[in-house]
Amino acid sequence: MENISLLRVAIFGGTHGNEMSGITLVNLWIKNGKEIQRKGVETKPFITNPRAVEKCTRYVDTDLNRAFTTENLSAPSGDDLPYEVKRAQQINEIFGPKGSPDAYDVIFDLHNTTSNMGCTLILESCMFVQLLRRLYVMQKAIAPDSCPVLLTEHPLLKYSTSRSVAKHPIGLEVGPQPQGVLRSNIFESMRVVLKHALDFIELFNEGLEFPPCSVDVFRVWDKMDYPRDTNGNIIAMVHPNLQDCDWEPLNPGDPMFQMFDGTTVRYEGVGTVYPTFINEAAYYEKQQAFVTTRRETLVAGAIKKA
Ligand SMILES: CC(=O)N[C@@H](CC(=O)O)C(=O)O
Ligand SMILES: [Zn+2]
């Protein structure tokens with residue numbers, strides 16, 4: 001039986017300054033935190049990138065959700081550092097230090113995507129799947145559609161997120177919602193998932209035991225770029241058969257891109273993958289048309305409060 005304590009919880013909004021649901025919710029909760037208060041739990045709502053929020057842009061100098069590397073966090077502070085690196089250092093001081101016993105127990109980091117991903121929980125390692133299993137069950141109960149778990153553990157594709165400062169980082173990615181836009185359905189589903197997640201932490205803190213079980217996850221497998229010409233210009237779009245089909249199986253031979261000349265590019269990998277972040281606006285600059293994942297079932301042991 002693994003013992004973990006869940007006492008200090010932060011809720012981050014505005015890690016990307018144009019993802020409006022998390023920004024709006026966190027600002028509401030900063031004004032009035034009643035909705036996120038739970039017995040025995042300290043919850044802190046926090047805007048992580050206020051300058052980007054003010055400009056309604058993803059970031060000012062560099063992507064904050066890639067900035068929490070050991071190198072950045074240990075860089076000598078100075079005015080010449082990019083804004084987001086300075087901000088990462090401040091956040092690490094308040095909620096970390098990353099990797100230390102003093103770090104916050106849980107950070108929920110609220111994101112929106114332009115992809116049709118529904119409500120997705122993003123986990124960085126399977127260590128925390130025991131808890132996620134429970135969140136997952138609760139989400140299933142509240143959302144008519146499935147609520148996938150994306151595991152970003154990958155030797156090359158893992159990135160240094162804002163939430164990685166916590167002992168248990170949890171990303172909440174809800175879409176589709178355009179950048180800079182607030183949609184009531186997306187806003188509401190984010191709000192409801194957070195509510196259930198906090199309810200769970202309260203129950204857990206009261207000493208409720210959760211039995212072992214298994215949970216299905218989508219593990220990041222590979223990233224796919226758009227087809228490009230020799231100058232690096234994009235020469236195709238996501239194929240209509242794939243657009244909006246996040247989490248649906250993509251089999252070898254299935255259409256993947258539609259070239260501007262009308263021809264179809266088909267998936268040629270080995271075996272079935274489950275694409276996600278399909279045609280995410282923020283990923284054009286990252287040379288990423290979508291991410292492929294593989295389905296896995298993880299077995300979660302019993303958990304109980306320390
Ligand atoms: C669209 C978007 O910003 N997605 C997030 C995913 C995450 O938080 O892990 C990112 O790339 O940082
Ligand atoms: Zn984001």
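Yeah, the Cβs are placed from backbone N, Cα and C, and that goes for glycine too.
Any TrEMBL annotation is an automated prediction that lacks curation.
Copied over from TrEMBL:
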- Glu173: active site, proton donor/acceptor (ACT_SITE)
- His16, Glu19, His111: Zn(2+) binding site (BINDING)
- Arg58, Glu173, Tyr283: N-acetyl-L-aspartate binding site (BINDING)
- Asn65, Arg66, Tyr159, Ser160, Thr161, Ser162, Arg163: substrate binding site (BINDING)
- 7-201: domain 'Succinylglutamate desuccinylase/Aspartoacylase catalytic' (DOMAIN)
- 214-294: domain 'AstE/AspA barrel-sandwich hybrid' (DOMAIN)
Within 10 Å of the Cβ of Ser162 (substrate binding site), how many other Cβ atoms can you find? Include all protein chains, please.
29
Kindly report the helix/strand/coil residue split of the domain 'AstE/AspA barrel-sandwich hybrid' (214-294) according to DSSP, in that order.
3 helix, 34 strand, 44 coil
Diameter of the N-acetyl-L-aspartate binding set by C-alpha atoms, the set being Arg58, Glu173, Tyr283, in angstrom:
15
Work out how many Å separate Glu19 (Zn(2+) binding site) and Glu173 (active site, proton donor/acceptor) at their Cα atoms, rounded off.
10
Candidate nearest His16 (Zn(2+) binding site) in space, where candidates are the binding-site residues Asn65, Tyr159, Ser160, Tyr283 and distance is Cα-Cα:
Asn65
Suppose we draw a 10 Å sphere around the Cβ of the residue listed as 'active site, proton donor/acceptor'. How many other Cβ atoms does it contain, all chains included?
24
Could you round the CA separation between Arg66 (substrate binding site) and Tyr283 (N-acetyl-L-aspartate binding site) to a whole angstrom and send it over?
13
Tyr283 (N-acetyl-L-aspartate binding site) CB neighbourhood, other CB atoms within 10 A:
20
